[in-house]
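Heads up: the structure comes next, in structure tokens.
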Amino acid sequence: MSKNIDDKNEDGKKIKIIKLRKKVVKIVTHNDLSGKNNPSGSTDLHKHNNKVEYSHSRDGRTGGYSQNRDGRTGGYSQNRDGRTGGYSQNRDSLTSQYQGSTKKTYVAKNNTQNKYTTSVSFRRVIKTKVPSIVSSASSTDSENSKELNRKLGEKKKQQQESQKSYKRKKAETESKTIEQKVFEQLQKKKRENLANPIPKSIDIMGSITVSDLARKMNLKSSDLIAKLMALGVMVTINEKIDSDTATILVEEYGSKVNVVSIYDETVIEEEVEDQSKRIEKPPVITIMGHVDHGKTRLLSVLQNIDINQTESGGITQHIGAYTIVYNSREITFLDTPGHEAFTMMRSRGAQVTDIVVLVVSAIDGVMPQTIEAINHAKEANVPIIVAINKIDLPDSNPDKIKHQLSEYDLVPEDWGGDTIFVLISALKNIGISELLDMILLQADMMLLKANPSKRAIGKVLDAKIDLGRGIVCSVIIEDGTLYVGDSFVGGACYGKVKALINDKGVSVKSVGPAKAISVLGFSSMPQAGDPFQVTKTEKEAKLISSKRQDLKKYESSKNVKKVTMLNLYDSIKEGTLKELKIILKADVQGSVEALKNSLEKLTNDEVRVRVVHSSAGVITETDISFASASDAIVIGFHVRPTVKAQILADQEKVEIRKYNVIYDAISDVKSVLEGMLEPDVEQQFIGFAEVRAVINVPKVGVIAGCYVSRGLIKRDAITNVMRDGLQIHSGKISSLKRFKDDVKEVAEQYECGIMIDNYANIKEGDIIEAFEVKKVKKTFKT
């Protein structure tokens, strides 16, 4: 390290010496020229034939300098104390010689011409300005200069090589071919594929979207689309391809397709049970029948409470489940609505029940919902017990009811059939005990059993949102026992039981078979009628729920109705189909379902109802915003809007209609639909006139001089021109005159002038029939 520093210092000194030498030469030249104006000095300068002589003398010492401009040679000599020295320079050969003595003499080859002297000593100038140069100059100066030049040359050479290397690398980068770049991209893609390899086999259902298939194959959707285009199939990223196309596409990448059924993945494996643990269970009884035939009254008698006080209009709005004890035995009753809108509820009631009690009024007899209940029970293969109600009324006719029901294969036992008939009066508490005895007898004959030690299985009867507790679902347990903390799947929803509340409103830790219970803990709102089943773990519940959601999406995608150009042209462009959009909110999911089905049935060729959104719960700000954006009205069934929702509805001018009885909701929507119907246009005959003269008025047209034979003729009336009993023209009266006056109408037996719009081919003897157009309001018919 110190050696390098010394070398650098030595180089610096040498550079300074060279610079000072150059400076000395300049000073000498300057003094030579300045001697011309200073004749008192001891310096002599002679010029002759392009030759210069310079001499200097001090203390007996002489010096001489000569320069030959033509020969470019010079000599220098110095004598001091008898010693001599000489210096010569040849500019062409760039060589120099130096000899030192105490006496300095500068001698030119030819000393001639004038001499000039100066008082300034050149020797003194050298000693004053650069005293170290002359004394330190030696024979090694040229070697040091060469060494310095060598190092400078090496440094310059390194810089040149560095520049050449940079240019060479740049040229190599720019000269890469497209093939090389493609190769690098392929190598990069290969590395990515190694990180996310394509599976050897892929499971799909009947069809799959390109994006989903790409996700399963760990590829980009654009790659699959490009491959399909190469195969001659044009698709978009969200378009579905069938299993055959998917198989061909996947095989292009060296994989295989397994067409599977998602239905298998949504089924929870049944628990292996010990049949010896199955014991007798209480019967589940569903009370069914037509509206207002006394079903709810019967159940209230069984419970010794008056449920009708809490039901709007005396109509059961959703399923009520209750358990009673009779003769030390439990019986669970389900009360289903009798209104036609609640078909799905009655169907579910029949599916989860053991016995159906069909209530028929002894006055009204068999009604539409009575027949429907019979069909539901037969479809579910459930035995029926007929309870003929209201026998206390004077107009009751039980035999008539038996005869009507026998037409539906419900033949009484006393008529030789196998159907149990019981005559009751729920109002007067007549025949109730006999009915309960028949129910228990039928249950004993059916040998109803269940295993309380297995995981619970049941059905979701209804669901609602409670402001204080969240989602609350009514569940009927068909088999097993449900405990607080159990993980479960309800339809496509999963959850964990947080609380169990029985029909008395009491929180319990568990519930056994054939019992209805309110379950808290659903992750989302299930649909009424969904299967309910407890799983081993919460992880399994989430997995089954996810698979069932995929299944719902798959099935809904298959059932999407396609819009054809014909439908689009007929219903939208011509405006022949009008639409009433509704956002439906109700207190429970069952009511939402029933009302939605009833409203969407109100459709004909001109108008239809479309429920754009429906859910259980209060009317919120989100519902109002949705209604405003979609131009819909909001219907609340047993629910009301929040304060903020009502304020927003007033601001957005959104109509909110609230109902407590389903009759009123359906009736009002029908009225709205009738107002949307285009009225019928009818032509009413008002009279006719005979053409007795034809007058052609220039710049006006042809005027028919007529005599009103019958009725009257009105201006703007629609006319039919009749000739020889045939209609030859139909048009509108554009002008009606009496003499020169315009009139609105002309009565019978008066003459008038009639001009028909855009018609001039009128002749004498023609008959002009006049009609008045009337619009008649339509009544809604489905």
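Cβ atoms here come from the backbone N, Cα and C positions, even for glycine.
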* Range among 345-348, 389-392, 417-420, 657-660 that Swiss-Prot annotates as region 'G4' -> 389-392
* **Swiss-Prot annotation of region 'G2' - which of the ranges 314-318, 544-548, 549-553 it falls on** => 314-318
* To do: Select from 335-338, 395-398, 763-766 the stretch of residues annotated by Swiss-Prot as region 'G3'.
  => 335-338
* Asked: So, by DSSP, how many helix, strand and coil residues make up the region 'G1' (289-296)?
  -> 2 helix, 1 strand, 5 coil
* To do: Report the DSSP secondary-structure composition of the compositional bias 'Basic and acidic residues' (143-159) as helix, strand and coil residue counts.
  => 17 helix, 0 strand, 0 coil
